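Presented below is the structure to which this report refers.
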Amino acid sequence: MAAADDAQFPPPKVLTYPASTPPTLITQGAEGRLYKTTHLTRDRPCALKYRPPKPYRHPVLDARLTKARLSSEAKVLERCWREGVPVPAVYAMDPAAGWMMMEWIEGIPVRVGINEWLGDRPEEGAEIPQVADETPIVDLMKRIGAAIGALHKTGVVHGDLTTSNMMLRPRGFNPVDGAPGDEGKAGSVEGDVVLIDFGLATQSMSDEDRAVDLYVLERAFASTHPRAERLFATLLESYKSTFKKASSVLIKLEDVRMRGRKRSMLG
């Protein structure tokens, strides 16, 4: 199947040059592919996001949409990176060719880290018992809340906040030489939280948009980590302490929750 896909949608030309490190396909979705390769030198890993042409769309329209979406994502990432939000740095891009090269984030998804941490705890009930404030999982929730607070403070909403779109990068990791950090074993909830996959991100100062961002994460968290659902309140507290306009966002969040419950009741 992969070979057939490669024949139909070959990698972008930038990955076929003789000096390029052979790329590794990491993920493939309806809208694009993510490859792991290198940037400038063979010991500097990077991620290359590629949006191949869509045969079902008119070529001119497809080219315009691809260019607009990649350019928008790059602008959002650059804005976040300048403001100190933990996101991948953009190294290079060619919107006309449909690709963007970014910093490779070493580590594991937050989703994996939380589930591994929960897997080490006995399942005595539907939820984990109350945990102490200083436990690693609580500290992780605080770091996630702070990262989202920094994102919203910058005037950006992610659009698809889930624990799969967050990485735990080992502290002390050097992206230039690939030197390992202090952590990184699977299942650890230690490390720096890095937000990834900004394909649906927009620039917005709206409390409503920010509240929807949080609601999407809250629903995804409850679905993916039901035993740790009560810890989401810790995330919101950290968000509030990081972002001074959070109070009005959290009020809007209550409205969004109410609308969500009504939709659930109506089917």
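Note that Cβ sites are derived from N, Cα and C of the backbone, with glycine treated the same way.
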Write down the one residue from LYS49, LYS54 that Swiss-Prot lists together with ILE26, THR27, GLN28, GLY29, ALA30, GLU31, GLY32, ARG33, LEU34 as binding ATP.
LYS49
To the nearest whole angstrom, state the Cα distance for the pair ILE26 (ATP binding site) and ASP160 (active site, proton acceptor).
19
Taking the recorded ATP site as ILE26, THR27, GLN28, GLY29, ALA30, GLU31, GLY32, ARG33, LEU34, LYS49, identify the other residues of that chain whose CB atom sits within 8 Å of the mean position of the site's CB atoms, giving them in sequence order.
TYR50
Looking only at ILE26, ALA30, LEU34, which of these binding-site residues has the biggest number of Cβ atoms within 10 Å around its Cβ?
LEU34
Roughly how many Å separate the Cα of LEU34 (ATP binding site) from that of ASP160 (active site, proton acceptor), to the nearest whole number?
17
Most distant Cα pair in Å, residues ILE26, THR27, GLN28, GLY29, ALA30, GLU31, GLY32, ARG33, LEU34, LYS49 binding ATP:
14
